[in-house]
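Listed in TrEMBL for this protein:
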DOMAIN    345-554  domain 'AAA+ ATPase'
BINDING   G356, V357, G358, K359, T360  ATP binding site
Amino acid sequence: MTDETKPEHRLFDRLSGTVERVTFHNEDNGFAVLRVKVTGRREPVAVVGHVPSVSAGERIDAEGAWTTDRTHGLQFKAETIATREPTGRDAIARFLGSGLIAGVGPAMAERIVQTLGADALEVIDKEPMRLMKVPGVGRQLAAKIAESYRERKAVKDVMIAFQEKGVGTARAVRIWRHFGPEAVSVVEGDPYRIAREVRGIGFEGADEIAGKFGIARTAPERLRAGVTYALEDAADGGHTVVPRGEIAERAARLLGVDADAVVDAIAEAVRHGDVEEVDVDGTSCLSARRLAKLEKSVAIRLKALAAGRPPWGKVDVDAAIARFEASTRKTLSPSQREALALVAGAKVSVITGGPGVGKTTLLEALLATVAGSRISVALAAPTGRAARRMAEQAGREAKTLHRLLEVDPATGYFRRGTDEQLEVDLVVVDEASMVDVPLMAALTEAIGPNAALILIGDVDQLPSVGPGQVLADVIGSGLVPVARLTEIFRQAEESRIVVNAHRINRGERPEPPAPGETSDFYVVDASGPEDALAKVIEIVGTRIPRRFGLDPMRDVQVITPMQKGLVGARNLNDRLAELLNPNPVDRVERFGALYAAGDKVMQVENDYDRDVFNGDLGVLKRIRERDDEVVVSFDGRDVSYGLQDLEALQRAYAVTIHKSQGSEYPAVVVPLVRDHAVMLARNLLYTAATRGKKLVVLVAEPWALDAAVADHRVRRRWTRLRELLATP
């Protein structure tokens, strides 16, 4: 581009012109790369942004900013793109012949313009039968062309309506994709449906749009939506019910109104059936209707499942143990023998205990015990990583719970349920502490009335990320037998990871190795956040690779209590990226996050179309912004993403301890500093200490480590399941 045609970066924030070529357009998310002829400029301009539909010949008005892409040079990044009808015979012909109007190719487009002239588009819209004057167009084709054109025009009208209200194009495209031609009327009727149904906008975005559509701050529908959202927000924190007063406070803060207005809104939400009033331990609580229904379902089905005898009938446990020990040359401890007798005699049971206490051996013995009954068994776990580990330990196939229940990737619904239950006699779920109420409801619906269920998990670890604390509530209810394993086996005692995990769980400080001793568990003192950050960087980049021969990218995982702060996941990711991926070839920013080729990334939601799961780690191989493509390698398998799908990925040089649940890594490095005070708790540290297979390094301020070990105040999760299970 010459100096004469190069735009002034500081002056240009609007652009108008005619689309010469659609270089790329993703119809799913609206992302587009356009070549646009701007009036008064010699060369076409590259425009990058979102638009639901666009074709050559159309005029556009865009607002945004000029940027310089390191690969493609100067381009206009548009926040909004509005299309206008093309004018002039040539532009109309290009538009009609672009392939977006059904039944019209370039040759037909030329004939239409030759016959109908510059009024061709108006004729197609208002007098479509006049198209029959065009050679080769009959009644049926004329109707087809008119219908296709009107569909495109309807999209344009929707976008114009949103843009006139000040709604950005990217948001408008998401709303239009979800609701279609009715998008405007849906938003006018209930703008808060956007928060409930359209991914990536959320309550605050929907509330902003509601204001643009004239919803007053004190409108009843806004207040009621705020109450519902406050409950959903609490569910994101793990609660299935919340005390009434706390919800009133949360909603009032969220909405910026006084508490009296919210009290009335709560009553309205209850009347409308959005919210249920429940009593938990004598406290008046509120529950979102969906979660109240799910907890009741889990309680009803678990009670029904627990009744009766197991499908393998009565077994001679002593004889079974003798056969198992003879065939495997493994000896069960007295506590394992008791646990096996307990579990073998129950239809629903729980096996719980920390690392190294023999949960895997007990499961192996149980499966051998019931094998003679020829029962069918399904092994499952909440995450892909946990399922793979379960399969390795058990020596047989294990699936994620979503795979077991046969999720439909398109809808998110499970094929297995009350109408088509699992055809197995026994379901065994490992890492059950990670199972939330919605997933447990789906599982219990899918288990047949004569089948058995065994939950295996460490109840002292962090509870599920999603709502509920299913394992703790099942154990606490007293409904089913619970086998608690506490004895650490001799082989496990050789691991300082196992020993120190149990010390932490008992409220004792972990023991460091003696000076000069090689160990698998170390505590490195830090004087503050700055010192901790520097030591984490050195340990990951230099000390672990040099001493243990582990690859810092593949084998070492930093896990930290929080996202924010100097040694929070966000800053650690920035610093570790500088260390481990200093000169990326390509990078892109989306949703306020930076992604670069060569980055370590984590999938943060299950994606069954792509066959990647929450917690899976990969390496971002390449970014092709022009092609709307990012490629990530997961264990050597390349998976393609569009740029709008990057919400499903996070940089993962460092992740939160919550995100590490259900995963094991060769080595983990865990910073603990005073800044983490609000999060420092024994179960958090215990979970972190049990994530490492070969090596655990705590980089800790002594005060912070002592505080975490001492803090046994498990932050209450408000749930109702325990009470429902305990009630006859």
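Glycine residues also receive a Cβ, built from the backbone N, Cα and C atoms like all the rest.
Feature map: TrEMBL annotations on the structure.
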residue: G356; record: ATP binding site; Cβ within 10 Å: 22
residue: V357; record: ATP binding site; Cβ within 10 Å: 25
residue: G358; record: ATP binding site; Cβ within 10 Å: 22
residue: K359; record: ATP binding site; Cβ within 10 Å: 22
residue: T360; record: ATP binding site; Cβ within 10 Å: 16
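Confidence annotation: the domain 'AAA+ ATPase' (345-554) carries a mean pLDDT of 92 in the model.
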